[in-house]
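Here TrEMBL flags 6-27, 95-116, 144-163, 358-382, 402-428, 449-469, 506-524, 544-561, 567-584, 605-626, 632-650 as transmembrane segment. Residues or ranges marked as domain 'CSC1/OSCA1-like N-terminal transmembrane' in TrEMBL: 6-165. Here TrEMBL flags 186-344 as domain 'CSC1/OSCA1-like cytosolic'. What TrEMBL lists as domain 'CSC1/OSCA1-like 7TM region' is 357-624.
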Amino acid sequence: MNPHSLFASAAINIGLALVTLTLFSIFKKQPSFAPIYYARRLSNGQQIHFHDEIFSFRRFLPSVSWIPRAFRVTEDEILDSSGLDALVIIRLFKFGIKFFVVCSLVGLVVLLPVNYNGQDVPYQSYHSLDSFTISNITPGSNRLWVHFSCLWILSFYGLYLLYQEYDEILVKRIQQLQKIRHRPDQFTILVREIPICSEHKARGCSVDHFFSKHYPYSYHSYQMVYKEKDLEVLLSQAESIARKIEDLRERPTANKHKREILLLDGSREDAVKISLHEDSLQVFCEKIRQLQHEIVIKQKDLPVAFVIFKSRCGAALAAQSQQHSHPLLWITEMAPEPRDVSWRTLAIPYRILPLYKIGVVLAASLLTIFFAIPVTAVQGIAKYEKLKKWFPPVMAVELIPGLSSVVTGYLPSVILKGFIYIVPFAMFGMAKLPGCISKSKEEIKACNMVFYFLVGNVFFLSVLSGSLLDEIGESFSHPKNFPSHLASAVSAQADFFMTYILTDGLSGFSLEILLPGLLFWDVIKSHTVGRGTEKDPYLYSLPYFRIIPMVSLSVLIGTVYAVVAPLLLPFLIGYFCLGYLVFINQIQDVYAIVYETCGQYWPYIHHYILVAIVLMQITMIGLFGLKSMPAASISIIPLLLLTLMFNEYCKKRFLPTFHHYSIQNAVEHDELDAKSSQMEVNHEDVINAYCSPCLQPVNFLTSESSSTQPLVCSSSL
């Protein structure tokens, strides 16, 4: 890729980002789009104020007021309003800013001049940007010791930041656990593989006998999990009928400005329909209540139960202990919070979960293999100069001035980004299969799958396929020079990753904040099925499974190329700054927080970043070897070992506190509640917290009349 292609990609991405962010700043001021851009605030009952005038000029004037507002949001505000999991996302962006600012200073001030002056004779290569990379250094040159020193400096700085982040987030986790100590999950454990009581032929009886015997002073009660498949079908049908009734009730209000005769006729017809639907809904409600009663009476339970304890200490001890000599009976763990429970997967028998996991691994492997095709095709487009030698018809692109720069600079990264957009959703669907007990564990599993998929396909396959396409001709004509050509090709892929970072950052983040898919759907809905009806907020949960792996991949790309191609680093600073602003806005205004794990995502982020540092060191071992510097390659091995030792230390120092609820914290929280006489209140709240949603009392026939203050209103600002 030549500089013209890189400039073309930068110009297109910057232009699209400016247009997109301008549209966002305008649409955010429109009351009709409040259900999209203020979905979370509306769902929380907060009022959104707009200007009085419908056609106010200020409403259609672009502004950047959302940017200083995002900078004013503090970590404590995010922690209070959205929890530690959301703050972990923001800390990931802040880590990227802190790390790559220092990397950029080292790279641009130290490495870039060394690379550019690395040869007495100008470096002859198609990749003209190679003069700014390590490939411009003459093999065996003492200048490579500068790169060696920078590698050690950046590695230690990255490890220092990782330790600091891990330590600070651990402190915040402990504080957050104390703050939410009244949550039911701190008193509850999940028990699986419960045997049937031989005397009463019921699992519930077995649970009560077992825990009354082994935990006589701390055991409180239990809640069985039941088979609810038939009940779920009835509830779904009842909810559908209830939505139809609600739509019919809203229709006369929506048509109140129409002609009087049509309004009266429509109201009579709708009243008849509402009456028929209400009768049908009443029948469904009776069936649901009867089935709920039969499920409990006939003991259609699963070998799963939530066991409640009188104290947090008792629950923590039971969750972390082996209950039976047979390790596949009475399997216990701390229960997730009630809103985080994945009720559907609790019905999967524990013994067949390995089969589900094997199926997921096979499906993910097939997706990885098939994804190699578009990645290789993308690299074929990026290597246009080589491609036109092997396939002359593509030279037609040069007939239009500037088109070749757009094709080689912008098109490959857009195509790749388009393909990988669907990957997180596919992996998230697979992650739901292995029977995770909570939604958070499903998302964490999806994060792992997506990250390693992106590392294998987007990073490694892009490098290998790019190198292969670049070196086929040279390898046959000059086989002795293959090692030096390979080193040049690996560093030359920095051009492609520059365009990828630009596309993922500028275009990706700007589209993330604009939400064009929801805008398009809202316009269609407003003019078809939802015409004239009151809009509900488009509320979706914060997609950790999509954000964390994508951003972690950018950290990996920047880390690996920090010493190889420092020109990439300023792009990453802009990437993380824009992402920081965008996701503060999305967390505050758009996405819902559906659960809180108190920062359990951070150990995985820590692992992803550590993989990036290790990969950077391994890459430099290979590059120094290709540059005829075996002493430098060997001297990196101790650094690699130190990094791995640091990882093991972090696992022992921090990780257990993220996986377990410590007895010390449990006892301290119990003592605080005992002093304030809060323990009995906690027990009352816990008893019904883990009742399955399908067994909750149904009441679809609620009155439509409610005096609520409008959430979207106009005011002069």
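Backbone N, Cα and C define each Cβ position, glycine as well.
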**Prompt:** Does the transmembrane segment (95-116) come near the transmembrane segment (544-561), with 3+ Cβ pairs under 8 Å (pairs 6 or more apart)?
**Reply:** yes
**Prompt:** Who are the long-range neighbours of the transmembrane segment (544-561) in its own chain, taking Cβ under 8 Å and residues 6 or more past its ends?
**Reply:** 85, 89, 92-93, 95-96, 99-100, 103, 158, 424-425, 427-428, 431, 443-444, 446-447, 450-451, 453-455, 458-459, 494, 497, 500-501, 504-505, 508, 568-569, 572, 575-576, 579, 583, 601, 604-605, 608-609, 611-613, 615-616, 619
**Item:** Residues from the same chain, set at least six apart from the ends of the transmembrane segment (605-626), whose C-beta lies under 8 A from its own
**Value:** 88, 92, 95, 134, 139, 144, 147-148, 151, 154-155, 158-159, 162, 165-166, 451, 455, 483-484, 486-487, 490-491, 548-549, 552, 555-556, 559-560, 562-564, 632-633, 636-637, 639-640, 643-644, 646-647, 650
**Item:** Rounded mean pLDDT for the residues that make up the domain 'CSC1/OSCA1-like 7TM region' (357-624)
**Value:** 78
